[in-house]
Amino acid sequence: MPRGPCSLVRVSATPVAVLAVALVSSLSRCSLLEPENSVVSALSPYFGTKTRYEDANPGLLPDPEVPRRDPELLEETCTPVQLVALIRHGTRYPTTKQIRKLRQLHGLLQARGAEDDRTRAAGRGDLGAALADWPLWYADWMDGQLVEKGRQDMRQLALRLASLFPALFSRENYGRLQLVTSSKHRCVDSGAAFLQGLWQHYHPGLPPPDIADMECGPPRINDKLMRFFDHCEKFLTQVERNATALYHVEAFKTGPEMQNILKKVADILQVPVNNLNADLIQVAFFTCSFDLAIKGVKSPWCDVFDIDDAKVLEYLNDLKQYWKRGYGYSINSRSSCTLFQDIFQHLDKAVKQKQRSQPVSSPVILQFGHAETLLPLLSLMGYFKDKEPLTAYNYKEQMHRKFRSGHIVPYASNLIFVLYHCKNAKTPKEEFRVQMLLNEKVLPLAHSQETVSLYEDLKNHYKDILQSCHTSEECELPKVNTSDEL
């Protein structure tokens, strides 16, 4: 069996066993769902966090394995010496919770059986009948796992990055890759698929070995880094488990925009409006996106909604992400500072090694997480901040908002830090520069809109975050004084 040149990342026996089971079970279950030719829907730009990467980055559609080099990327006298990439997992199945809601909606449609028979007998068809007959192929075991399209997302991203930064992704550097992942199956499998894409880059036409047979083994799990939100008790208590924290989300569900869609969908499906609610409508909308992303088919669910509906449903999704992921409540963005510190620790180490004329020990660091990992970090860094907060009552005023989650964190979204060494620098300070890319496009600096920064200037801009990051204190719940006072 051929082996890749990457070195083993050592982890404890228990996580390795978990990873092995995850990889085997996921691969065995997902092989039956190969995506067909790419299908585009007019609704595609409005799927929020369920958006396909190519819909947010349409330049990739002609050839998804070939990078589209941003003209703002540094070249000539500046050489990339390190890349730190934070990558959201690829396309996934719906969660079990979403599947059960879809099953509930499907049951409502099938309960119209007698009415459907009368409609067909009269020679008339309707969309509700078509949806009742549309195969409900989702099963509980799928529960958010990576699909074959998601593996393809990762393999293609690996090929593009390797072509875009050939010196960093050289065969010689492959043994010095560092991969870290969330413990969720979809992230573990995304890391594995990325490695397979690199194998394809190095060995065109040669089938990649199993990840277990590569010397590097699976990515290292670190949930405190990649799922920091699960380890912040203040966020979990005050936001995640707080029924009133998402007030604006719940208020928008009962507001006029959503109620209009509710009535319209009830009429289209010919079911009582009292049997529907905003959650069922949203899962129906997402089913259009799942069928499109996973199987490459445009299902009848897409015909239930028009673009005006899609914009309202996108706003509902964005409201939830806004208030939970560090824009509405800052606790989640503040708790991401550990991840931000980790990125700069890697960059710092690379700078010091170059200053000592030493090779950079880790030229490429790849971290696989979630939309919930990326959004709080981008908020912490000052990106996609609107002048007014998103609320249940300013939908029309926010039509041109900066915060559109599907444009920021679609499946396979990526935030990349590239450290450059510039030989002809006039001063030592000018020797090291940094660029950031979001979804493979240069991301201008939030504070200056420049496309490149001196490394020391970037560190200085974020020094308050880097120097005052104390997540254990930040995430600690205030102590309640239970003593009785006279």
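Every residue gets a Cβ built from N, Cα and C, even glycine.
Keep in mind that TrEMBL annotations are predicted by a computer and have not been checked by a curator.
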Cys78 - recorded disulfide partner, TrEMBL, among Cys422, Cys469, Cys475
Cys422
At the Cα level, what's the spacing in Å between Cys288 (disulfide bond) and Cys422 (disulfide bond), rounded?
48
Cys288 (disulfide bond) CB neighbourhood, other CB atoms within 10 A:
23
Fewest other C-beta atoms within 10 angstroms of its own C-beta: which of the disulfide-bonded residues Cys78, Cys302, Cys422 fits that?
Cys422
